[in-house]
Amino acid sequence: MSGDPILSVRDLHVRFALASGEVHAVRGVDLDVQAGETVAIVGESGSGKSQTAMAAMGLLASNGKAAGRILYRGEDLLKLGPRRLDRIRGDRITMIFQEPMTSLDPLYRIGRQIAEPMIHHRGLGARAARARAIELLRLVRMPHPERRIDAYPHELSGGQRQRVMIAMALANDPDILIADEPTTALDVTIQAQILELLKDLQARLGMAIVFITHDLGIVRRFADRVCVMRAGEVVETGRVEPIFADPKAAYTKMLLAAEPTGRKNPVPPGAPILLEARNLAVSFHIPAGWFGRSAFELKAVDRVTLALRQGQTIGIVGESGSGKSTLGRALLRLMESEGTIRFEGRDLRSIDLRRNPEIRRELQIVFQDPYGSLSPRLTVGQIVTEGLLVHEPGLSRAERDRRAIAALEEVRLDPAMRDRYPHEFSGGQRQRIAIARTMILKPRVVVLDEPTSALDRSVQKEIVDLLRELQRVHDLSYLFISHDLAVVRALADDVIVMRNGRVVEHGPADDIFEHPRDGYTRALLSAAFGGWAGGEEPEMRSDVSTAMDL
Amino acid sequence: MLRYVLRRMGSAVPTLFIIITVSFFLMRIAPGGPFNLERPLEAKVMENLNRIYNLDKPLWQQYLLYLRNLARGDLGPSFVYRDFSVGDLFANGLPVSIQIGAAALLLALLVGTALGAFAALRQNSPLDYLVVGVATFGITIPPFVVAPILSLVFGVMLGWLPAGGWGNGALANKVLPVITLALPQIAIVARLIRGATIEALRSDHVRTARAYGLPTRVVVVVHALRAAVLPVVSYLGPAAAALLTGSIVVETIFGIPGIGRYFVQAALNRDYTLVMGTVVVVSIFVVLFNLLVDLLYAVLDPRVRYD
């Protein structure tokens, strides 16, 4: 440690006044940031890591109050009036946010938005600010900065928007850049590029970075020091290597162990094929005119062939827009497609599933969003048994209740909670409810569409374990759709890597993870596991940038 | 953009055609006719009238005749105001209704936006509740209550303004009708702006603007209010069409020679051509203002582009 810290947080408390009482979100946090270093604040949702940063920036919600001290070069940010604070934020301390899609004003060109803080803090004229904005866009490696400066945010991809945010953050040469989960909303290959960019800019410009994240992989690759938070408190802090090598706090150990582990038992060689697709294709017609003239055809799924055996899990991996979710839906006949789909040898496309509900019952799906996919106006018991009303209308109320209890027990939820409503449950519990709703129908094939993506790592691990257990007990076949390679590795027998609707690689999970052949698969793997999961340095950096045509 | 405008104009033609057709036959299904008066006319007179106005021809011929005249811009003669053609009636009344309606709309936008933004910036304070309360009141009180009260207080009791009449379009005569028409619109605009501003102030990009130390004035006016205006713009289309084509209540109570009165009078009198004329004029206004609003929306929000 050298010299005085540039930012020091002392005994910070953040409280929110709610109708139901007070929430004490941050409880006595101490934190020091030295000039030029990278400090990671790591924790799961609700740990208070973001609110710590929001308090420093004066951005707490109107019902939030911060107490304690946040000293920037000796000045207490919490005591500054709005004008004095406005002189520091956006100039000496800047911030980038988790939501690249919404953090820029949709109504103004990005050039104007990058220029605004410069005009404001540095008194630059419009022309000078524009020239500097172009320079900054070049610095954050935006392609064609002279043209892109006049783009609106919606004309840019998520990664590009985050680059614009970074350009804005660097405009006034800040001392500290606070990055609040800046890559969480981005695909893994884009995430790797943004992280690399931040690292490079820090080396060149010398600002300190406070990096807020839930992702330990990023911490390990990126930070000098780490501060682990849980329930508003710092549980462990120190240099990154010793903490990763020898964590002291039980919670840190748990976080480090929360990476999904274990492998699925292989399928017996003679297992019958349940679901089979040949040259499955889904295309969307993007209309140009009012009268349905088709401007062009988007091939969301382009001639995919696969065969799912009883008890097998096929992992479908790809980034957003790769067509993996569309494939899952088309396989279950939830959307129209071309090609053949066979379920137990019968041509699924020629069967009217409304007339044959018993087939529908055997093909089920679990969705990504545990918040949006449960009706808020039904009790958990009603949600779980809703499918039975359709598929076994003759059941008595008592019998349905008995099944609900069994289903909830099977997903390790207390059946006594079946009279409550979804909003009373956490994300992980809701996903268990969604799984119980599926399992009560005794399906044979389940499409799992990113069921763990919205969850914290430690909760993910539990859901992965649960899914494996259910599969073993009921001999289920899974189609597991995910962008999260660590989870896929823990669950899948076979892996299909998709990109732009096409299969780029298909094979047994071990082969794909150990010896990826395709360049894009390699880029995905190195971006996801970086230098730490497999213990090897990412070697595919150049490949990452060529693989993604930004 | 020009192509879009032309296409929208083009698609308005079948819309108008359907509206005209449906109204034409609906009107004829209604019992009675323009010459069924309380004291029945002599059969010979009736026959002559029917012949002059082509009412003796089969309905489909009358319909085709109407369409042919309409295509030439001829709305036909009024059956009840015998000395005027429907075109004359509108030429006299429409400018009056438009003047009153446009003034009311402008007033509503200015005052409503100011009140809404004022309330949003003081969300959940007594002043906010006051604005919301008054706005709700403004929406619930119907104009046929507001109009006589205003007329009574400012016209009769205080004597500041004329209690009614058009006075050849003197400014003083327009004040009370404009206010009566504007009041509920002010309330609606204020509520829309308030809600949208509150939402915009909580949005991520406003948080960004604050995080970058921009002054409150810039944050509110540049980044929050522009977004908040968008829902009002959508509301503006139907509102403008309704206001500019006059209001039966306001025109009747204040004795203003606009076209609002024709809606009801023409229908009651079975003045077939006047009813059809009103339908045509109002439809054109609705189509036109919805198009204008869509274009304005595209100017304000770059995410919306018509190509």
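We count from 1, first residue shown onward.
Cβ from N, Cα, C; glycine included.
As annotated by TrEMBL, domain 'ABC transmembrane type-1' applies to B:94-297.
Counting only same-chain residues 6+ beyond the ends of the transmembrane segment (B:12-30), those with a CB under 8 A from a CB of the stretch are 59, 63, 66-67, 70, 270, 272, 275-276, 279-280, 283-284, 287, 291. What TrEMBL records for B:12-30 (among others) is transmembrane segment.
Here TrEMBL flags B:96-118 (among others) as transmembrane segment. Listed as Cβ neighbours of the transmembrane segment (B:96-118) (distance under 8 Å, sequence separation of 6 or more from its ends, same chain) are residues 127, 131, 135, 166, 169, 174, 177-179, 181-182, 185-194, 196-197, 220, 225, 228-229, 232, 236, 239-240, 243-247, 250-251, 256-260.
What TrEMBL records for B:130-163 (among others) is transmembrane segment.
Long-range Cβ contacts of the transmembrane segment (B:175-193) within its own chain (Cβ-Cβ under 8 Å, at least 6 residues beyond either end) map to 100-101, 103-105, 107-109, 111-113, 115-117, 119-120, 131-132, 134-139, 141, 143, 146-147, 150-151, 154-155, 161-162, 228-229, 231-232, 235, 239, 243, 247, 250-251, 253-254, 256. TrEMBL lists B:175-193 (among others) with the feature transmembrane segment.
Residues annotated as transmembrane segment in TrEMBL: B:214-233 (among others).
Long-range contacts of the transmembrane segment (B:239-260) within the same chain: residues 89-90, 92-94, 96-98, 100-102, 104-105, 108, 142-144, 147-148, 151, 164-166, 173, 176-177, 180-181, 185, 188, 278, 281-282, 285-286, 288-290, 292-293, each at least 6 residues beyond the stretch ends and with a Cβ under 8 Å from a Cβ of the stretch. If you look up TrEMBL, you'll see B:239-260 (among others) marked as transmembrane segment.
Residues of the same chain lying 6 or more positions beyond the ends of the transmembrane segment (B:272-300) and with a Cβ under 8 Å from any Cβ of it are 1, 5, 8-9, 12, 15-16, 19-20, 23-24, 27-28, 34, 66, 70, 75-81, 86-87, 89-90, 94, 226, 229-230, 233-234, 236-238, 240-241, 244-245, 259, 262-263, 265-266, 306. Per TrEMBL, transmembrane segment is recorded for B:272-300 (among others).
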So which residues does the transmembrane segment (B:214-233) touch in its own chain, when a touch means Cβ under 8 Å and the partner is 6 or more beyond its ends? 109, 112-113, 116-117, 120-121, 189, 192-193, 195-197, 199-201, 203, 205-206, 293, 296-297, 300-301
